[in-house]
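Participant: Below: one structure in structure tokens.
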Amino acid sequence: MRNTGAGPSPSVSRPPPSAAPLSGAALAAPGDAPSALYAPSALVLTVGKGVSATTAAPERAVTLTCAPGPSGTHPAAGSACADLAAVGGDLNALTRGEDVMCPMVYDPVLLTVDGVWQGKRVSYERVFSNECEMNAHGSSVFAF
């Protein structure tokens with residue numbers, strides 16, 4: 001019999017939703033759960049010429065993930081994560097290296113950092129007088 005939409009359709013017996021087979025995560029055994037949960041730490045760092053995020057086009061961008069372990073496109077993810085952990089994720093606490101000499105040339109670069117550090121949102125923007133000054137601050141975090 002074909003259902004044309006006119007009149008009652010033939011009754012079809014279906015199992016109740018609770019009797020449906022389990023799949024995916026529902027099949028996972030309790031022992032398969034992660035041993036410990038962690039707060040995410042994942043950042044996107046960009047750098048571009050200029051003094052304002054509205055006018056400076058990003059020239060380079062990297063990703064930096066520090067939890068559960070260092071990864072991302074940052075060239076020194078391990079040391080950058082260690083440097084951030086040492087200051088509790090406070091980007092303002094990253095200090096300038098004393099042994100770095102930079103030229104006194106004004107060619108401003110804008111650094112932005114957005115993402116999450118240990119579960120808390122991060123939005124950081126800073127203008128450096130030139131790229132050497134940016135690299136001198138923040139040790140390996142800003143060196144990309």
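Including glycine, each Cβ sits where the backbone N, Cα and C put it.
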Participant: Just choose from Cys81, Cys132 the cysteine that Swiss-Prot connects to Cys102 via a disulfide.
Facilitator: Cys132
Participant: Between Cys81, Cys102, which of the disulfide-bonded residues has the fewest other CB atoms within 10 angstroms in the structure shown?
Facilitator: Cys102
Participant: For Cys132 (disulfide bond), just give me the three-state DSSP call.
Facilitator: helix
Participant: Return only the integer: C-alpha distance in Å from Cys66 (disulfide bond) to Cys102 (disulfide bond).
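Facilitator: Between the Cα atoms of Cys66 (disulfide bond) and Cys102 (disulfide bond), the distance comes to 29 Å.
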Participant: I need the least crowded one of these disulfide-bonded residues (Cys66, Cys132), counting other C-beta atoms within 10 angstroms of each C-beta.
Facilitator: Cys132
Participant: Check the DSSP secondary structure of Cys66 (disulfide bond), expressed as helix, strand or coil.
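Facilitator: The residue in question, Cys66 (disulfide bond), is strand (DSSP, three-state).
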